[in-house]
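K.L.:
Take this structure, written in C-alpha cells, and hold onto it; I'll ask about it next.
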Amino acid sequence: MSLFQSRWEELASIKAELACRDWFPGTSGNLSIKLNDDPTTILVTASGKDKSKQTTEDFILINDSGKPITETNAKVSAETGLHLEVYKRTNAGCCLHVHTIDNNIISELFGDEGQVVLRNQELIKAFNIWEQGAQISVPIIENIADLQELAINFGNAINPQVPAVLIRNHGITAWGKNGFEAKKHLEAFEFLFSYHVKLQMLASAKLSYI
Ligand SMILES: CSCCC(=O)C(=O)COP(=O)(O)O
Ligand SMILES: [Zn+2]
C-alpha cells in the first residue's frame, strides 16, 4: 500500500469515527494529515461536503501553500489556512477541526478571558501531563469572517505546548504528531469541555432549586 493510500485510509477512518459522534453538523469540520516534508504534502478534506458521508472525493492532496497538487473539481477546505499554520508552527502530523455544542459553549463562557484553564481531571494525562494538580490552558480567539485574517490570528495564538486552539462560537482545532495522537487529544478536550458544561449546568440548577 502506498503512503498516499495509507494516509487516506487513516484519515477516512478518523473521519468516520468522529462522524459517528455527530461531530460534523451542517457540513462543518475539516481534517488533514501530513504525508511528507520537503516538500510538504498534506491531505485535507474537500470544502462544503457532508463529512458524515464517505466518498472517493473526500480529501485533496495539497502543498504547503494549500494548493491542490493533483487535478480536482473539488475545493480545498475553506479553513485550510488554519491547518497550514499548525504544520508550520508545530511538529503536528494530523490536525482535526470540529464544531460541537460543548466546545462552542466553553468558547463563549471563557471567550472574554482568551483562554480556558482545564484542571483537576484525570484525562489531562491524555496530553502527557502527569504531575499532581496538572492543568492545561487552551487559547480562545475571536471568530471572524475573513479567513485569511482568522488564520493569522489562529497561528499567533498557537502554543506548541498545547495541541489546540478554540475559535469562539465556531469550533476547536486540535492536533497531534499522528492521527492516533490527534484523535486522542481531540477526544480528551471534548470530554473535558462536556464535563465542565454539565457541571456548570448542574451547579446552577442546584442553586435555583435551593
Ligand atoms: C457550515 S460550517 C462553515 C465552515 C466551517 O466552519 C467549517 O468548519 C467547514 O468548512 P469546510 O470549507 O472545511 O467545509
Ligand atoms: Zn469551522
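Cβ from N, Cα, C; glycine included.
Below are the features I grabbed from TrEMBL:
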- His97, His99: Zn(2+) binding site (BINDING)
- 9-197: domain 'Class II aldolase/adducin N-terminal' (DOMAIN)
K.L.:
Using DSSP reduced to three states, classify His97 (Zn(2+) binding site) as helix, strand or coil.
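P.N.:
Where His97 (Zn(2+) binding site) sits, the three-state DSSP reduction gives strand.
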K.L.:
Name, in the order they occur in the sequence, the residues of the same chain whose CB lies under 8 A from the CB of His97 (Zn(2+) binding site) and which sit 6 or more residues away.
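P.N.:
Once residues fewer than 6 apart are set aside, His97 (Zn(2+) binding site) is near Gly29, Asn30, Leu31, Glu79, Leu82, His83, Gly171, Ile172, Thr173, Ala174.
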K.L.:
Count the other Cβ atoms sitting within 10 Å of the Cβ of His99 (Zn(2+) binding site), across every protein chain shown.
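P.N.:
If we count other Cβ atoms within 10 Å of His99 (Zn(2+) binding site), we arrive at 17.
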